[in-house]
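Enquirer: This is the structure I have questions about; it appears just below.
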Amino acid sequence: MPNTPHTMNLYIKNIAQLVTCQGTEAKHGREAMGQIHTIEGPAAVVIRDGIITFAGRMADVAPSMTEGCRELDATGRCVLPGFVDSHTHLVFGGYREDEFQWRLAGDSYMSIMERGGGIASTMRATRAESEDELKASAHRHLSNMMKMGVTTVEAKSGYGMNLETELKQLRVVRDLQDEQPLDLYSTFMGAHDTAPEYKGRPTEFIEYLCREVLPEVVRQNLAECCDIFTEKGVFDHEQTRRMLTAAKEAGLSVKMHADEIVPFGGAELAAELGCLSADHLLRISDAGIKALAESNTVATLLPCTAFSLRADYAPARKMIDAGCAVALGSDLNPGSCFSASVPLMFALATLYMGMTVEEAITALTINGAAAIGRADTIGSIEPGKKGDLVVLQYPSYKFLSYHFGMNLVEHTVKGGRVVYTNS
């Protein structure tokens, strides 16, 4: 369907079940995350100029409200907010299929990095590829994500670790925003690892990023957020504090890769620094859980990465019961998780991480939006929010966990436009 103005006006009628996930901030804990605010049908949603103007019972829709709208009949269908993938490494060069086989043979993620694989391997490929090559690859991934109901994607740099390539990655994200339907949230992550030019000198590398790369990222308006890999043997607390403080002073939001490999106090530091989110958290401590539960920092969990690494999953049930706000992200990247599968995220979260399907929906909608600071505009179906929705092939949201491993999306709606239909 062409992206003409009238296509941003949409009337979705005869909805069997409408899941609104209403709210404008992260939902913390079992009770809040379990409340997804369903309306049993017949229900309806009206979108005008890309913004939701009505969401409720179809009987309450006046004819004047839908004048000039395209109609979409959702008889026998469940409608939910568009999914928000709040953690991806979308733009990268090359693949690492051989490393996956090494992992299957028993090599650890850290041992592969020590052999010159891991992030360093992708860094070399990303430095070598052109912007057009990187853009074409990222565009394919976005198209696949759109088919699974994703309407907003966080996209990190971090495979350059020098000025030229970090800017190149972020320009690709900027350009893709205008060349495909999904909304992108750009994150500068030069501190993904220490660049080979600074091997053994991580503090000097952080200073290079703060003094030479970050100012140029900000000057060119290429990022909204800054991320860092806080981990034993990568970047310590003081290096993290230096990087993220500089980013905040430059006007960026901040987030962290935290407590992925070993308990390292990353969650506590993320809460202290006011991060939008602390991500991974496979090895979070009880003190870290308490710190996140008492803060506004979202705990973004990445089940597909744990699955790919054959690692223990993050303690989602324990975190939610303690009062944390949990989001789910794919962690799409060419190494530890070459997948952006929403069906796999739902299956792992509910079958192996102890989350209810309602909590998983919250984690992929309003809490995912909060993890990128956009819960005021996306993540729920209510007047004033963007018209981002998913129409399932089934009448109930419960099929998202029940019919596992399958893409159940019939339509993806972005800003009032039907951008994908499963034909």
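All positions are counted from 1 along the displayed chain.
Quick reminder: no glycine exception, Cβ is built from N, Cα and C everywhere.
Straight out of Swiss-Prot:
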- His87, His89, His257, Asp331: Zn(2+) binding site (BINDING)
- His87, His89, His257, Asp331: Fe(3+) binding site (BINDING)
- Arg96, Tyr159, His192, Glu260, Ser336: 4-imidazolone-5-propanoate binding site (BINDING)
- Tyr159, Asn333, Gly335: N-formimidoyl-L-glutamate binding site (BINDING)
Enquirer: Select the closest residue to Arg96 (4-imidazolone-5-propanoate binding site) from the following binding-site residues, measuring between CA atoms: His87, His89, His257, Asn333, Gly335.
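Expert: Nearest listed residue in space: Gly335.
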Enquirer: Give the helix, strand or coil assignment DSSP yields for Asn333 (N-formimidoyl-L-glutamate binding site).
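Expert: Asn333 (N-formimidoyl-L-glutamate binding site) sits in coil per DSSP, no helix or strand.
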Enquirer: By the DSSP assignment reduced to helix, strand and coil, which category contains His257 (Zn(2+) binding site)?
Expert: strand
Enquirer: Say you check the Cα of His257 (Zn(2+) binding site) against those of the binding-site residues His192, Asn333, Gly335, Ser336; which is nearest?
Expert: His192
Enquirer: Report the nearest neighbour of Tyr159 (4-imidazolone-5-propanoate binding site) in space among the binding-site residues His87, Asp331, Asn333, comparing Cα positions.
Expert: Asn333
Enquirer: For Asn333 (N-formimidoyl-L-glutamate binding site), identify the closest of the binding-site residues His87, His89, His192, Glu260, judging by Cα separation.
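Expert: Its closest listed neighbour, by Cα, is His89.
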Enquirer: At its widest, how many Å does the recorded 4-imidazolone-5-propanoate site span between Cα atoms of Arg96, Tyr159, His192, Glu260, Ser336?
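Expert: Max span of the 4-imidazolone-5-propanoate binding residues, Cα based, is 20 Å.
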Enquirer: Compare the C-alpha of His192 (4-imidazolone-5-propanoate binding site) with the C-alpha of each of the binding-site residues His87, His89, Asp331, Gly335, and give the closest one.
Expert: His89
Enquirer: Among His87, His89, Glu260, these being the binding-site residues, pick the one whose CA is nearest to that of Gly335 (N-formimidoyl-L-glutamate binding site).
Expert: His89
Enquirer: How many Å separate the Cα atoms of Glu260 (4-imidazolone-5-propanoate binding site) and Asp331 (Zn(2+) binding site)?
Expert: 12
Enquirer: Using Cα coordinates, what distance in whole Å links Ser336 (4-imidazolone-5-propanoate binding site) and His89 (Zn(2+) binding site)?
Expert: 11
Enquirer: For His89 (Zn(2+) binding site), what residues in its own chain, 6 or more apart in sequence, show a Cβ-Cβ distance under 8 Å?
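Expert: Those within reach of His89 (Zn(2+) binding site), by Cβ under 8 Å and sequence separation of 6 or more, are Ala155, Lys156, Gly158, Tyr159, Met189, Asp331, Leu332, Asn333, Pro334.
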